[in-house]
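Reading through the structure tokens given below for one structure.
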Amino acid sequence: MRSTKVIHIVGCHAEGEVGDVIVGGVAPPPGETVWEQSRFIANDETLRNFVLNKPRGGVFRHVNLLVPPKDPRAQMGFIIMEPADTPPMSGSNSICVSTVLLDSGIIAMQEPVTHMVLEAPGGIIEVEAECRNGKAERISVRNVPSFADRLDAPLDVTGLGTIMVDTAYGGDSFVIVDAAQIGMKIEPGQARELAEIGVKITKAANEQLGFRHPERDWRHISFCQITEPVTREGDVLTGVNTVAIRPAKFDRSPTGTGCSARMAVLHAKGQMKAGERFIGKSVLGTEFHCRLDKVLELGGKPAISPIISGRAWVTGTSQLMLDPSDPFPHGYRLSDTWPRDE
């Protein structure tokens, strides 16, 4: 057996969404900050293509690279690689990374609660892990500041006509639309159609509405979040949502950044206040338990500090290798399993 590289991976999923973690075999990319390192990976694409493209990966998968932190407050940094993006932050991936760090012993576990500070490309996140019998059972993450951008904005979408949408940031940028507006329900049997429509809505939102983060160089809308109406019981709101991820797949989890963005919109519309909780439910019925912890400002914009909480499970370990005679050193994509990214 011969290989010019060996990458060590711990497999993991958070409430159904795959978020594998590279724990060895990759040197930290160049950059003075984790954000700059993530931009190198986004522009270079060599590593992302190797771990995500067939025959080693697939469109279903996200992969996280552990890197030494740049901020002295943090114990570890990580960079998220998605099929088409290298985002500032991800809720499900931060939960996977935290679980792998503790369950594998990379960071020492303290029972019943372990506190960590991690550095995502989008900023510092605080982690509280509930641990028992050597397992991180639930991860709570204080996400980066989140904010609503546009509320009730008209958007013209080919095949749908004019729909009303919100745009918001929850660690990544979203256009948010109610499922009823597009004549659909969030259920597994409509996953392909919803994902394709969601990507179409994202494209239209970038062309007609745009987005600009007040502090980061993030100038596009990444995802379409499709929602069903929120219900309230006391100080707890519950809502089903799903997120269409380019090129055209569904997030299997409730999407932590999406829940954060949705809470920011609910707060901006006067439907949620500090201290109240939000349960986000995925297309699979899994849940993230969230809280609008406090209200703040970000670059002069009203914002919130959200906390997201969920579970993750280690699924295995693997080693990715590259034989020097392999005709596909960067992998490949075919549209039967990897939708066209238009």
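Placed from the backbone N, Cα and C atoms, the Cβ positions cover glycine too.
Record features (Swiss-Prot):
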- Ser90: active site, proton acceptor (ACT_SITE)
- Gly91, Ser92, Asp251, Gly256, Thr257: substrate binding site (BINDING)
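Distribution of Swiss-Prot features across the structure.
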residue	record	CB count, 10 Å
Ser90	active site, proton acceptor	31
Gly91	substrate binding site	34
Ser92	substrate binding site	31
Asp251	substrate binding site	28
Gly256	substrate binding site	33
Thr257	substrate binding site	33
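Listed in chain order, the extra residues whose Cβ falls within 8 Å of the Cβ center of the substrate site residues Gly91, Ser92, Asp251, Gly256, Thr257 are Ala14, Glu17, Ser90, Asn93, Ser94, Ile95, Gly171, Val243, Ser253, Pro254, Thr255, Gly258, Cys259, Phe288, Ile308. In this structure, the CA atom of Thr257 (substrate binding site) is 6 Å away from the CA atom of the residue listed as 'active site, proton acceptor'.
Calculated from their C-alpha atoms, the gap between Asp251 (substrate binding site) and Ser90 (active site, proton acceptor) amounts to 11 Å. Of all Cα pairs drawn from Gly91, Ser92, Asp251, Gly256, Thr257, which the record names as binding substrate, the longest spans 11 Å.
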